[in-house]
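Asks: First the structure, which I've put down as structure tokens, then a few questions once you've had a look.
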2 protein chains.
Amino acid sequence: MSEQKLFDVAVVGATGAVGQQIIRLLSERDFPIRELKLLSSARSAGRKIEFKGREITIEEARPESFEGVDIALFSAGGDVSRALVPEAIKHGTVCVDNTSAFRMDPDTPLIVPEVNIDRISDHRGIIANPNCSTIQMVHALKPLYDRYGISRIIVSTYQAVSGAGASAIDEMLRQSREVLEGRQPEPQILPVGSLPKKHRIAFNAIPQIDKFVENGFTYEEMKMINETKKILGDDALEVTATCVRIPVVYGHSESVYVELKEDFDVEEVRRLLADAPGIVLEDNPAEQLYPLATEAAGRNETFVGRIRRDLSNPRALNMWIVSDNLLKGAAWNAVQIAEYIAVQQK
Amino acid sequence: MSEQKLFDVAVVGATGAVGQQIIRLLSERDFPIRELKLLSSARSAGRKIEFKGREITIEEARPESFEGVDIALFSAGGDVSRALVPEAIKHGTVCVDNTSAFRMDPDTPLIVPEVNIDRISDHRGIIANPNCSTIQMVHALKPLYDRYGISRIIVSTYQAVSGAGASAIDEMLRQSREVLEGRQPEPQILPVGSLPKKHRIAFNAIPQIDKFVENGFTYEEMKMINETKKILGDDALEVTATCVRIPVVYGHSESVYVELKEDFDVEEVRRLLADAPGIVLEDNPAEQLYPLATEAAGRNETFVGRIRRDLSNPRALNMWIVSDNLLKGAAWNAVQIAEYIAVQQK
């Protein structure tokens, strides 16, 4: 083997649900790391995390933390990214940002490697990781977009509570226990931690993820709409989204209606998806085989099934797309991007 | 008050989840009953149920059970209805059938009272109660259909386990306990009791309700498609459905995209819905107000919110429709129909 270049890497938000998955994936993928810096808020600084048999002490993330860092993966919230990504760039660090802070910035590439890795070189120090619910959808639709063209997407999501962080998982499990014991849960976090009203998530479905925009959509829905257009580089694409939180721990599911620009053959659609990188086709009604959140949890792939031609529009099809929102929807997509950066910088 | 005609009424499937709600509603609504016959399978016969302070012994449902019965409400499964509804008709009984057995029969009216009560007189002894997921959708869409016309509906459902019966509720609660205790549940009932493969429902989303049809849709999805057209009397209406079971006990939620035939004003849509019988408008993003399954549970109304104009198609809107699947979706709609029959026979 040729001598490998090694990188100084930082993970910002090292104690969060996504940060922990990033650290696990960097180890599992044998990412060419010389030094790994784990950064967090002051609150978590001082804690130790094991990485490849070594103990690394978490440090508070500060502007000067990025001195000498080649690649930083951010998942500590939009405010942290807005404050520290520009500082990291000053130090020459290439930042993979998992928050929404820079996603719609025209100078920032928004990357799903299987979809638009060709845009990665356009960056000025920041590469944005799309929203979890967007990533798995564009990942699954890309082979159809390339082969037939897509004119319109209508998606309804079934999103896991882990997308709202570890505290939302705790809340959902706690509420579930309370309901099973005949008690009335007192919601504290969901749907949106910073908003006054809380709704019970245990044994319920909440049609609100993130705050509302004036047009009646939520930010989560607008992210799916705008990010999908940006990633596919297609402003004419019509996208509608309804985003719903359901009592699932890991794994977002999506019911997707897609209008294609050309006639298609359903068997060819299945073949295209089966052959696409990172996609697992699970589509056999006779065997009751279709993607399930509980089975996608812990895996890096995007799972697709329930593929069927629409009965009212022969140019449209319906499908069911599932992926682990913390992995392909966040940590794995970010690590994939970091791997491409590493190859470029070799 | 004028002297009221009293009816001999039978409930077939008296021990089931829907049957029990029917009995409760007949009492609560003070249905003009002379004698109430509670019928079930041989297995449950002999059990006693209290009705308005009297104890009624459940009898096994047989062809001769309908002697003298004016109105019978069936919710004991399609096979029981197929066997016994024709026998009841021979005795002059008018049957309200909550199963899918006769719904698509051209001679059988399929009734949601707020939508097409004008068709109730067309019956030849059977009036069919539509599928739960269909009822709440057509109920909420009827005011828009009348005012603007509807060309297309695309719906994704979030359906409660109670739709699969009391044993499915038990299974979901048992599985939830097992997962919370760190155990691996062994699914036994869902998605479809009579099919070989079972999937876990606790903390999951199962994109299969009822068996698959050859076209890749499920029977539940085809019911929504075909029944919606029949109830609205509109074969040209384009309907697409994806039906999904989620871990909710009572209350189906639906994400509905609707294309209208005419321009509309969103505020007028809200007013039309607020004024429609049996509809509760819950639609205020600023207050995080929208329908929730846990809050619709136990209520007879259909709840509508998240109403917003589509961003890509100004003639379309998106909405969130929730109702208790055992009440408006089954028992309440059936009792409403029985009330109309009683008025007709007065």
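Glycine is treated like the rest: Cβ placed from N, Cα and C.
Any TrEMBL annotation is an automated prediction that lacks curation.
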Asks: In TrEMBL, the NADP(+) site includes B:THR15, B:GLY16, B:ALA17, B:VAL18, B:ARG43, B:SER44, B:SER162, B:GLY163. Which of B:ASN325, B:ASN333 does it also list there?
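Replies: According to TrEMBL, the candidate sharing the NADP(+) site with B:THR15, B:GLY16, B:ALA17, B:VAL18, B:ARG43, B:SER44, B:SER162, B:GLY163 is B:ASN325.
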Asks: State the Cα to Cα distance, in Å, between B:ARG43 (NADP(+) binding site) and B:HIS252 (active site, proton acceptor), rounded to an integer.
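Replies: Checking the Cα atoms of B:ARG43 (NADP(+) binding site) and B:HIS252 (active site, proton acceptor) gives a distance of 30 Å.
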Asks: Could you please provide the mean pLDDT value for the domain 'Semialdehyde dehydrogenase NAD-binding' (B:8-123)?
Replies: 97
Asks: Applying a 10 Å Cβ distance cut-off over all chains shown, what neighbour count does B:ALA17 (NADP(+) binding site) have?
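Replies: Cβ-Cβ neighbours of B:ALA17 (NADP(+) binding site) within 10 Å number 21.
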Asks: Among B:ARG103, B:CYS132, B:HIS252, these being the recorded positions, pick the one whose CA is nearest to that of B:ARG245 (substrate binding site).
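Replies: Nearest listed residue in space: B:HIS252.
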Asks: Can you name the recorded positions among B:THR15, B:HIS252, B:ASN325 whose CA is within 10 A of the CA of B:GLN159 (substrate binding site)?
Replies: B:HIS252, B:ASN325
Asks: Which whole number of Å gives the largest C-alpha distance between any two of B:THR15, B:GLY16, B:ALA17, B:VAL18, B:ARG43, B:SER44, B:SER162, B:GLY163, B:ASN325, the residues noted as binding NADP(+)?
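Replies: It comes out at 26 Å between the most distant Cα atoms.
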Asks: Using Cα coordinates, what distance in whole Å links B:CYS132 (active site, acyl-thioester intermediate) and B:ARG103 (phosphate binding site)?
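Replies: Approximately 12 Å lies between the Cα of B:CYS132 (active site, acyl-thioester intermediate) and that of B:ARG103 (phosphate binding site).
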Asks: In the structure shown, with every protein chain counted, which of the recorded positions B:ARG43, B:HIS252 has the densest set of Cβ atoms within 10 angstroms of its Cβ?
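Replies: Per the Cβ count within 10 Å, the most buried is B:HIS252.
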